[in-house]
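Undergrad: Summarising the annotation, TrEMBL assigns compositional bias 'Pro residues' to 1-13. The domain 'Phosphatidic acid phosphatase type 2/haloperoxidase' annotation in TrEMBL covers 111-232. Under the heading region 'Disordered', TrEMBL lists 1-35. Per TrEMBL, transmembrane segment is recorded for 84-105, 158-174, 186-205, 217-234, 254-273.
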Amino acid sequence: MRGSPPPVPPRPSPAERRDWLAAPARPRPLAAPPRVGAARLAGAARARDPGKMADVGECSRAGPWKSVSLTHVEYPAGDFTGNLLAYLSLGPIFIIVGFVTLIIFKRELHTISFLGGLSLNEGVNWIIKNIVQEPRPCAEIHPSVYSKYAMPSSHAQFIWFFAIYSFLFLYLRMHQTNNARFLDLLWRHVLSIGLLTVAFLVSYSRVYLLYHTWSQVVYGGVVGSVMAVLWFVFTQEILTPLFPRIAAWPLSEFFLIRDASLIPNILWFEYTVTRAEARNRQRKLGTKLQ
């Protein structure tokens, strides 16, 4: 059975029709824009206005944030000495960067061996720390430090290995190559005193900034010094006789790795060779121009 048809709406009167025609036309609603992610909208807004702050949703990422604590050093606010010592305690990082730069541009086997000794020294430090497991003196002040164990101090062990090995290299490996005996010894003494001073200041900075106790720093310095002597003897007696054979490997020739063990003073050698070659090329260039 069919239902009754829907009721027909009443027709408007002539007066209502005139009022409807006289009313202003209503604007048609615009279509909704396509949905874009909040990150893209925030990025577009910053591109138009670089000074605009980041969106709230963009700043609230899940999970806690951590700093690269290997280069994160804290010091008391407003303390100039602490600020200076904080920069000095980053010395091992600068030394590693220097070694990598030297290896890339010089590619000398003894430099590679020196860096290998520093790496072995760090491995020994990690083993001793995990065996002794002595905590830091003020762990609540430095919660973001990358290692919770502190015996022995890795900074002190690293810097004293570097200082003692360099000391032995200056006096036992580099020999005099010119007649300026006094000047040759003077710059070695000055450089050695500078190395030992930096080693002491880096060690002192770890105590001043409350990362280590004096005993942790002293043991680190002793272990680093002993490791430096052992690695220097191992390099001179075991590795140095093998360097010419290693430099002759096809892989070493491909990477231009060289052996300068038989050159007593590589700085003086490179200086004299470069100066002679530059003069020779300048002489040839002058002859061609004439």
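The backbone N, Cα and C atoms fix where each Cβ goes, glycine too.
TrEMBL does not curate its annotations; it predicts them automatically.
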Undergrad: Taking 84-105, 158-174, 254-273 as candidates, which has the most Cβ pairs under 8 Å with the transmembrane segment (217-234)?
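TA: Per the Cβ count, the answer is 158-174.
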Undergrad: Using a Cβ cut-off under 8 Å, which residues of the same chain at least 6 positions beyond either end of the transmembrane segment (158-174) come close to it?
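TA: Sequence-distant neighbours of the transmembrane segment (158-174): 91-92, 95, 114, 117-118, 121-122, 125, 188, 191-192, 195-196, 198-199, 202-203, 220-222, 224-225, 227-229, 231-232, 236, 264-265.
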